[in-house]
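What follows is a set of notes on a single structure, which appears directly below.
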Amino acid sequence: MDPSNNIEDAILDHSHPPPKYHVHNGVKYIKSTRGHPLLLHKSYRYTFASVSHSKGTSRWICTSHFQHNCKAKIWLNTKQNIVEGPTILEHTHSPPKHLSDTGEFTPIKL
Ligand SMILES: [Zn+2]
């Protein structure tokens with residue numbers, strides 16, 4: 001199973017009212033303004049880092065990884081469940097303010 005398939009399924013269609021994201025276990029797949037796949041979890045955004053085909057897991061790191069030296073990262077298994085062992089959900093910064101009152105994703109430059 002290729003995780004990117006799920007990302008493609010999450011292309012936003014603004015002709016529909018929210019909720020319009022693919023949500024699973026609190027994880028939302030979104031796309032940046034440049035079309036990069038992003039993960040949204042508890043208002044924090046994660047960018048795709050790597051995939052392990054042998055284990056079927058994908059690794060996503062906080063988009064503030066470099067800017068804030070943030071070590072937060074999320075591992076997902078083939079069922080898109082968060083793998084708790086290697087996953088780190090503690091951030092060194094506040095979540096970026098990119099959600100409107102309606103919870104709609106407002107793209108910001110990466
Ligand atoms: Zn972070």
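Using N, Cα and C of the backbone, Cβ positions are placed for all residues, glycine too.
What TrEMBL says about this one:
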{"type": "DOMAIN", "residues": "29-93", "note": "domain 'FLYWCH-type'"}
{"type": "REGION", "residues": "89-110", "note": "region 'Disordered'"}
{"type": "COMPBIAS", "residues": "90-101", "note": "compositional bias 'Basic and acidic residues'"}
What is the pLDDT of the domain 'FLYWCH-type' (29-93) when averaged and given as a whole number?
90
Let's see if you can do this one: DSSP helix, strand and coil counts over the domain 'FLYWCH-type' (29-93), in that order.
0 helix, 29 strand, 36 coil
